[in-house]
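Q: Just dropping this structure here.
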Amino acid sequence: MNKLVKKTLITAVLAAAAFALYYNFSLLPGYQDLEKGISDYIITYGLHDTGSLNLITAVLYDYRAFDSLGESTVIFGAVSGIVLILSRKMLPVSSKGLSFIVKRTLGIMTPFIALFGFYVITHGHLSPGGGFQGGVILAAISIIFSIVYGSAFDYRRYSPQTKTVLETGGALTFLVIGLAGIVMEGAFLKNLGFLTAERGTLISAGSIPYINIGVGFKVGAGLAIIFYSMIQKTFEEDF
Amino acid sequence: MLTNLIFIILFMLGFYALIMKTNLIKNVIGLNLMEAAIFFWVISFSDIGGEVSIHKFGETMGKFNDPVPQALTLTGIVIGASTAALLLTLIIELNKFSGTIDRDQIEELND
Amino acid sequence: MSLMNIELILLTVLPVLIAVFMCFSTNFNRHSRNFIAVMGVGIELALVISLFVLNFEAVKNSNFFLQYTLGYTDTPFVINLAMDNLSLFFSLIVTSAIFLIVIFSTQYITAKENIYFALFFLVLASIQGSILTADLFTLYLFIEAITIFTTPLISFEKTEETTRAAMQYLFYGITGGVFFFISMILIYFNLGTLKMAAVAESFALISTPMQLTIIIFFLLALIIKLGIFPIHFWLPRAHSACPAPISALLSGVLLKVYLYIFMRLFWTMIAFDFLVELHLSDFVLNLALVSSLIGHVFALQADDLKKMLAYSSIGHIGMILAVLLLNTEAAFYGGLLHITAHLMMKSGLFLSSGYLLQTTLSHNINDLRGIGHTNRLVFAAFIIICLGTIGMPPLIGFVSKWYVLLAFLKARHFFGAFVAAAGSIIALIYYLRYISHAYETVKEDGKSIKEELLSLKGFFSSTNKMKSVIYIFTILIIIFGLGFKILEMPINTAIFELLNPEKYIELVLGG
């Protein structure tokens, strides 16, 4: 009974809050009528300023690159924290996998998945995509490996140490490009002018592709580390 | 407006799951639902029916959608993913200690 | 290559570099790693102090202002780091406290130091960033970062209790972050800008119901983060579960950073008049006072030393928030002075409790028997800091509480004055309870006080670091209690910023 009362009460409060919010939000003018000083500026001058065709990438890695630095630092910290919380002395691994057919099929598909991941990372300034998205695809390869071939396979290929080195390397790339901005352009994380090339080519848009590559490796390695820390428990029974 | 309605319903459902459900994983799902509702709202509200804000070679483009909310949302998604991973990690750890992921059966989490 | 105001960006980036380095340092020996940690935070402190000393004249005339623009300088859409007197004051006290806490933890933490220090430096980076940033979205990012980085540190000892506390902390923290995000994005949709100064200029243009929504979500987010009454359950658990240096960081430092963000948001960005106009300031003021009373009362029944300290933190933070919300000059003076005092006292208390509890079985009050006999000098320091928290005359706690009380009386807010006075009396009871327990039974003879004094010879030798940090905090509390006028100049300039937000807005927008 007590529980039911609580439930009804909470539901009523939430419904009232929802109603108030809805009423409030319906007063918002449509998006066209809103003040949009910034977005107009970016749409007009974004390509000119950064050389990146993808304006979202221009915002992420150039105008607001500091936010992206903070964001990749958040992943870095979360990975360190998860490793700290779930750390064991030895990583239990399993060499069991799925059936032969699945293994073979995946063996054929893996290079293409990797290629797609690298494509998304390196073309972040030209087409939809970028470091985070491509990094997630790269991390998926590692996860698929451990499901299909058993975690021992992936463990032997890319040991946790390698992944940690990749992750820290990615973070360092971002930081070094930022610091190079101070030395060469006079502001932290400013787009490096000497790297600019013809617009629309693969290596253009200043330092954006390099930041993308750094972030891509960082996110890929970081997510793989998170996955491996989490599955350890599952494989203890195999030992 | 339909967008606002969907946003608020999703948000409140997530909030309800966060505070009322006793299963900790469901709480995480509720939290993620709240975040997802906001991101959905941000993206769909800033959609003015223009093109995706990516230039194409040698073409003059029509009206663009505002790229800033999309960039902010990307950052928000990454933060949401990190927190979800951290929360699930803590739940795994807690399950090891107390053998349950039910809030009601773990003392001191009842409030 | 321009090096104008490069200190601001170094303050945030240097700790990140050190954190990345710490992750690599698994093969280092303990000594050199500790050396790097202390050096890193020492450089931070040196940077902040040099900013203060080099611009002393400007700070004195309260026209100190530094700004660093990231990326394109001539576009309307850049991230700024800005430092005015208020941020300088907070940066100064926070960095000094963290410096001492790092020295303490080099000896206290004996396992997995590399990840511990990596996360610690990431927290330091996000604290500096959230103090310095002039951009709303970056502020959101740093607030979330603080929550995410402190969570693993809370569950550092990996027992059931710490895991539970960390999980609860993360749930509440992220919910607060989600509310913050809603407000932030609503501001962007209404005004088309994320710069705090630009928002401040045109906040009045938003329609009143929308203003109310934005302010309520900001308030909810910060009330959750500050642990004010209806949503305070997580705070004592989280603050008592973690290792002592992290308790000191959370309770002593982080709550002050959230208070700073509160001031930045509600005085600089959203003018305080809006809060008054919407009748929210009185409500929050009374809520904070109730929270203060409840914190002190709960501290009475806490049988765990660290939990008692954490509940007392709720009491003090509620009082500070209430006095700030009075929005008078005297109130700001009392509030900022008490922020400084509480920072020193609570850090000192948590650190000394960490030292004392090394030899006991648990934090429970019954296991503390005789602890005053085995560690006489440290316990004497503990008592002195306790007296400061209660508000005994020669210590800084008395001075700050006196000014808080004066501010409440001047504003003729008698409930607030009652809470401030009652808090002291209740605090006296619960501290005395622990102190009397500590001297209850003599199990064995510890060192005599003379021997302990002699062992102080190696004040900075590696074995005495923890003790010396505790003594430094005690000495600081006595010194500032006697000479609190030293703090008058920085606090008055910080108040100037609170009373004249136009200066900050103008300078940030001006370039």
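Any Cβ shown, glycine's included, is placed from N, Cα and C.
As listed in TrEMBL for this protein:
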{"type": "TRANSMEM", "residues": "C:6-24", "note": "transmembrane segment"}
{"type": "TRANSMEM", "residues": "C:36-56", "note": "transmembrane segment"}
{"type": "TRANSMEM", "residues": "C:86-104", "note": "transmembrane segment"}
{"type": "TRANSMEM", "residues": "C:116-133", "note": "transmembrane segment"}
{"type": "DOMAIN", "residues": "C:134-425", "note": "domain 'NADH:quinone oxidoreductase/Mrp antiporter transmembrane'"}
{"type": "TRANSMEM", "residues": "C:139-157", "note": "transmembrane segment"}
{"type": "TRANSMEM", "residues": "C:211-235", "note": "transmembrane segment"}
{"type": "TRANSMEM", "residues": "C:242-263", "note": "transmembrane segment"}
{"type": "TRANSMEM", "residues": "C:283-301", "note": "transmembrane segment"}
{"type": "TRANSMEM", "residues": "C:308-326", "note": "transmembrane segment"}
{"type": "TRANSMEM", "residues": "C:377-399", "note": "transmembrane segment"}
{"type": "TRANSMEM", "residues": "C:411-432", "note": "transmembrane segment"}
{"type": "TRANSMEM", "residues": "C:469-487", "note": "transmembrane segment"}
Q: Looking at the stretches C:36-56, C:116-133, C:211-235, C:242-263, C:411-432, which one shares the most CB pairs under 8 Å with the transmembrane segment (C:283-301)?
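A: Ranking C:36-56, C:116-133, C:211-235, C:242-263, C:411-432 by Cβ pairs under 8 Å to the transmembrane segment (C:283-301) puts C:411-432 first.
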Q: Mark yes when the transmembrane segment (C:469-487) and the transmembrane segment (C:116-133) have three or more Cβ pairs under 8 Å (sequence separation 6 or more) and no when they do not.
A: no
Q: Report, as numbers and ranges, which residues of the same chain sit near the transmembrane segment (C:469-487): CB under 8 Å and 6 or more residues beyond its ends.
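A: Residues 100-101, 103-104, 337, 340-341, 344-345, 347-348, 351-352, 355, 377-378, 381-382, 384-385, 388, 394-400 contact the transmembrane segment (C:469-487) from elsewhere in the chain.
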Q: Cβ under 8 Å to the transmembrane segment (C:308-326), counting only same-chain residues 6 or more beyond its ends: which ones?
A: 226-229, 232, 235-236, 239-240, 247, 251, 255, 259, 262-263, 281, 284-286, 288-296, 298-299, 302, 332, 334-335, 338-339, 342, 346, 349-350, 353, 389, 404, 407-408, 411, 413, 416, 419-420, 423, 427, 430, 434
Q: Excluding the flanking five residues on each side, which residues at least 6 beyond the ends of the transmembrane segment (C:6-24) place their CB within less than 8 Å of a CB in that stretch?
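A: Hits for the transmembrane segment (C:6-24): 33, 36-37, 40-41, 43-44, 47-48, 50-51, 66-68, 70, 81-83, 91, 114-115, 117-122, 124-125, 128-129, 132.
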Q: State the non-local partners of the transmembrane segment (C:36-56) in its own chain: residues 6+ outside its ends, Cβ under 8 Å from one of its Cβ atoms.
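A: Those are 7, 10-11, 14-15, 18, 21-22, 25, 64, 66, 83, 88, 91-92, 95-96, 98-99, 102-103, 106, 117, 120-121, 124, 128, in sequence order.
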